[in-house]
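**Q** Attaching a single structure in structure tokens format; questions to follow.
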């Protein structure tokens, strides 16, 4: 016996150091290659360890349980090969088992398995009589192929992997706390399955390094779309709890901490629609921001100079008056051509596509093409639905993602189809949906895609239902999505989600108060007298700034440093000067946007009077002209200080003296007295009072 144990120990050490099938880890809790099956109790079916494997026969839900040990937090690995499918074609591992009895699903605990019939992995739990499906995920599975199943359980967090590689996403990632500790084992629902190479090691979730987020992120938001511009993310969506009267916008710098900015597009005379404002889609082109939204089940286009809005239609009305359409998405191809994808109600919800005209408000009707119809079984649960299109392109292949099934269905989720042309034909991915609702996170659908600030990660931005029985108010969530290679070397899309535990924020992201834009200046231009001193102009001294965390309508005022040297007094045509702004402490400029404002300077030209003399209209800052232009305006003597407030204002609007000022002295004197009578009267009054005081003092002295 001692010799046998020594031989086994030597063999295990060799396996550890020389890369055998099984490796002994320092935190190993249990392992076996089924050279013997001591400690394993079986229920139902026929079990043996021929060929140093645990072989199960009979499709009546036979179970094998390691009865002598219980595990709480662990990593459980086992190999499973379905050799002869039965009616159910399903086998897998049991964990945290409380008891196992005769009969199908007669166990208390969890089950994670592979189903060749439905081509999916499944996580279930049973209370001994009733089985509850927690989550499933589509996957290509084959008979007579060995699959490595891995379960990680840490507290209430459960993850399931199949053929795990170092950076693989879990097939299933949920939380459930019904069973916290128990036995491990297997369940067989096929005619014949082989189990092998069991390894159990201690495991605990490691805290995510750095800032994290946890779904759901924003309440009362559905059908989301995210625009990234100038270092800020803009989130638009459907307000689900009540009729908002338009489309709201939120801002963030990290996709996870959002500030409500109110309505970006408002119902009213400048935008078509009275209700049902749904599913906005955003794109920027040449400094203009376009919003494609649904109202009254018709598609509309509104435009704005700012991602915050206000968005207004150039021509009030839908794109097609006679056709109901929803869920628009605009895609710009590598050649610069824009495409519009949307949904029409033909034999269910069907996705169409067409080239978008240069006006960004109409399509090239000759290119209108039906692209996707509900065809896969999951898309037809409760209703025939393909909707919410979103386009990606990778290595010359177009990935048209979409949502399928009725939004209240348990099958509601997201899939994709591929093509070599933006307008098809498209082939649907066989393992759709790639994002699917489960009993923990229901209603995961209608998504967009956002990219991390450093461009290294993609995120599916989507909504989820309020709970299992109530759709609204829906909630906004995000999860990682990426391109990967399948076992055949084909490029596929895969999603890590829906997640419910803390996740690392997007790569390169920071939670900052980011500069977005300047508030509009009250005046965009001023009119000045030719040759006037720029230092006397009434230029705005501050400007409001809007940031990713600022409250709507409460712009922070910051000083403007105008570059007056840009103004050329010799020119009489329109000029532009700029003012620089320094952001206050705590305000970032992640998008490296320009921090200058501009002012148009219009110069009033000198005109020649009927007597051959030149008259100066002398208008600055939008002030009215003098009515009498028959003679030249008086020029202020800039070497003399101005007297009184009115004299100062007058001086700011006047030109420097010229050589022509000596002509027409009499008219100039009269005009000077007329225009400065208030100042002259004030000066005269001061002289009279001063003289009276002086006279009074002299009389007192003489007495």
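Backbone N, Cα and C atoms are what each Cβ position is placed from, and that goes for glycine too.
Under the heading active site, proton acceptor, TrEMBL lists 223. The annotation active site, proton donor is assigned in TrEMBL to 387. Among the features that TrEMBL reports, region 'Disordered' is placed at 605-666. Among the features that TrEMBL reports, compositional bias 'Basic and acidic residues' is placed at 605-616. According to TrEMBL, the transmembrane segment annotation covers 679-696.
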**Q** Helix, strand or coil at residue 387 (active site, proton donor), per DSSP?
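**A** The residue in question, residue 387 (active site, proton donor), is strand (DSSP, three-state).
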**Q** Could you tell me the C-alpha distance between residue 223 (active site, proton acceptor) and the residue listed as 'active site, proton donor' in angstrom, no decimals?
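**A** With the alpha carbons as reference points, the distance is 11 Å.
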**Q** Have a look around the residue listed as 'active site, proton acceptor' and count the other CB atoms within 10 A of its CB, chains all included.
**A** 29
**Q** Taking the Cβ of residue 387 (active site, proton donor) as the centre, count every other Cβ atom within 10 Å, in any protein chain shown.
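**A** Its Cβ has 25 other Cβ atoms within 10 Å.
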